Amino acid sequence: MEIVIRKTPEQVSLQAADILEPYVSEGATLGLATGSTPLGTYQELIRRHNESGLSFANNQAFLLDEYVGLPRDHEQSYYRTIRREFTEHIDIKDEAVSSPDGLADNIDEAGRAYDERIRNAGGVDIQILGIGTDGHIGFNEPGSSLNSPTRLKTLHPQTVSDNARFFDSEDDVPRHVLTQGLGTIQHARHLLLLATGKNKAAAVQALAEGPVSASCPASVLQLHPHATVIIDEAAATCLEHKEYYIFAEKNKPEWQRY
């Protein structure tokens, strides 16, 4: 695992875009996350598309999760959210963007089918991730199996409450999601986790320096052969080995890719 520390959230977004751009140019399969943390990165990639001609025409993309019970065109579905925030502003083909089928009659089978679809596409080359204050990634809350596949998960009551602002009322918030599991996420060839803000500092410390444990689902990144964690200074405040991470990056060989 490589820990990369930048001064501001804006610099985190720029660094992430720098890492993603070669993958885009090579026609890689991208793993996309929703949420506020990746937005700056998506905006920078959109800017490079508009101003520098960065093309996504040869890319495929897979979303991490989807609400169960919402149609894809619902304004709050994660498919519609990623369209609104990112993919409708670039030249990726609509049919090249996939999300779990939250309307399937058999949700268990839909999870298995999604994992199979990812495998049939050759796997995800680089997966963008955020992290929750409790260490969750995707909707893999504390207690999730470290080798779990794409499956149904029940939202935490706090998540339902937090997401109510996007709906007419809390009663309208779906209680279930279909999410890539930690095992599915681990199959991506490169994991790129972004975190900003002091409220993420404890979770970042747990994922990077704590034990690998279901209590901090993101700690499974310690087992991955190519995981990059980009954080701002505020999110780095709890790291015991912060100075070493800075030293290691400054002395990174020129040939070594992030």
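If you go along the chain as it appears here, the first residue is 1 and each next one adds 1.
Glycine too: its Cβ is placed from the backbone N, Cα and C atoms.
As annotated by Swiss-Prot, active site, proton acceptor applies to Asp65, His136. Look at Swiss-Prot and you will find Asp134, Glu141 tagged as active site, for ring-opening step, backed by sequence analysis.
The two recorded residues, His136 (active site, proton acceptor) and Asp65 (active site, proton acceptor), have Cα atoms 13 Å apart. Spatially close to Asp65 (active site, proton acceptor) yet at least six residues away along the chain are Thr34, Tyr78, Ser99, Pro100, Gly138, Phe139, Val177, Leu178, Thr179, Gln180, judged by Cβ distances under 8 angstroms. In the three-state DSSP scheme, Asp65 (active site, proton acceptor) falls into the strand class. Most Cβ neighbours within 10 Å among the active-site residues Asp134, Glu141: this distinction goes to Glu141. Each residue contributes its Cα atom, and for Glu141 (active site, for ring-opening step) and Asp134 (active site, for ring-opening step) these two points are 8 Å apart.
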